[in-house]
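According to TrEMBL, the ATP binding site annotation covers Lys178. Residues annotated as domain 'Protein kinase' in TrEMBL: 151-430. Sequence annotations record features per position, and here TrEMBL assigns region 'Disordered' to 450-473. The transmembrane segment feature in TrEMBL is assigned to 96-117.
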Amino acid sequence: MFYMVSYLTCNFLSGPAPKASNQTSLASQGNCFDGASANDKIKCYQSYYNCDIFFQSVPNGSCPNCPAQQSLQDEATCVCTINALKGAASHNRTKVIGFISGGIALIVCVLIIWWGWSAMKKWKSVKDLWEGPEGIQRFLYQDLSRATNGFDSSHEIGHGGFGKVYCGLVNGKTVAIKRAHESSIQSTAGFCNEVILLSRLHHRNLVRLLGFCEEDKTQILVYEYMPNGNLNTLLFKNKGTEQLDWLKRLDIALGVAQGLDYLHSFADPPVIHRDVKPSNVLLDDNMVAKLSDFGISKVAPEFETEFSTRPAGTIGYIDPQYVLREHLTTASDVYSFGMVLMELVSGQRAIDKTRINDINLVEWVKLTSETEGPRSIIDPRLGEDYPERVYYDMIRLALDCASFETHDRPSMKVVVSILENCRWSVAPHILEPAGDIDEGSFNEKQQEECHLTKSTETISSDDDRSFPSGKII
């Protein structure tokens, strides 16, 4: 017999062993032939496909173990095949595993795409949107949230139908942060227009806008902080008179009048405030009055004296002609100012249901003046310490401003002139107006007050911003 090394693939070929070396295949690995006996010198090498061991010859009935998941089909030829049932089950299991793996991969891809889209959208909302007018800073929401400890109630200094106002420390400066309720959110275009309008208003008697934030359905305005709160709290909720003596009341009235005169005559374009009331008159550390809250303000038409718009404002201060005719003019602000001036002089609220027959302050002032004299109108907390003539002139001016007919009301320019004359007649040594507050002017005490004091100011049912049509008393 020949001793022959065969390098055929181990397919367990059937048939007799080759008789001559020239019958040897040139394939890469050896074959196993049936009919081989222990005396045959056939050298068959292990194949990594089927054979498990190296062997010199294959006696009948002595085959190597089949690979995993295969079984011996013919002992004589040592042929191993895949079990049909096992193969089918294995194939099905492989398909199931493939489907599951594919599904997981698809879900992962979708999540990655969604996360990337969300991240890009958020990035664009911060980086690519309108940056605001020059001189007005665009704040990040996370910075304002950090300044107010997550808009915690301990930082809240006021609230109303529009939302809440917080105080916080931003870049070392105490500021007022006005965050709108979701129900008060306006369109991006409307919000941008409001920011542009506020950025154009520069007057010592208007609260200055410092910046804004618009991210993820959140709209925030950042104003200079007014450490002495608002006129409503000082006039009606503080029982003492030490903060609001007769001269301070006169100065506050003059400051509000000058702010309105600026809006009507010098702002470009002219602006109608539409919501002049004590809670929108803020006081800085020098007790200088500043008008705030321009949320419902309107730009006055350039070539028209009045224009139609849905009534908005606060009951008790809203112009009755505005409600009846839905025509808005600068005289509507004059009416509101007249009501505030009456409150400053009398210490009475514009609307007070405890005045049974005279709920409206205008009617109360008229009736009291006729029956008891003008002295009975003056706030009793002032005692005798006020200039009678000046305060009588202020009462007369307030009634003129609050006239029912629009054409009977003076302009704010005339109002300013009258109040300036009153001021000079009793205190000719007027101090120079305090300039705009320096960024570093808030001391540690004021910052501490910002975090420890909380305004109890709320908007009552009388402060709703929607009104039924009809005449206001």
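Placed from the backbone N, Cα and C atoms, the Cβ positions cover glycine too.
Curation does not apply to TrEMBL; its annotations are automatic.
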Intrachain C-beta neighbours of the residue listed as 'ATP binding site', sequence separation six or more, cut-off 8 angstroms: Phe162, Gly163, Lys164, Val165, Ile220, Leu221, Val222, Tyr223
In three-state DSSP terms, the structure that the residue listed as 'ATP binding site' belongs to: strand
Local confidence of the prediction over the domain 'Protein kinase' (151-430), expressed as mean pLDDT: 88
